[in-house]
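These come from TrEMBL:
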- 1-98: domain 'NTR' (DOMAIN)
Amino acid sequence: AFHGLILARRVVGQETRYEVEVKARYRQRFPLVSREYLWVPNTCGCPALRQGAEYLLMARRHVNHEHTLNRILLPEHGYARPWTPREARLVREAARHC
């Protein structure tokens, strides 16, 4: 789970790639750097994220069997909510209990 600012959106093949500035990390099961690519497995970018907007995102690390692909994946019905201080507080509280 992390707070991210959407910098850019690009359709690559049958997927959508978002360039994201990572503002804060709430639950860190895998390391994140300050800029990451977030992949959505469709061309509509669903859930649609607006460039310049901030979101609270819950994504997962996807590594293929050959270990040649290692990326952050946001499923089509994944958790992507506009970032608000209230939303951030709820996620921080939940992370303490999980």
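In case you wondered, yes, glycine gets a Cβ from its N, Cα and C as well.
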(message) Please count the residues of the domain 'NTR' (1-98) that DSSP assigns to helix (H, G, I), strand (E, B) and coil.
(response) 13 helix, 45 strand, 40 coil
(message) Return the average pLDDT for the domain 'NTR' (1-98) as a whole number.
(response) 86
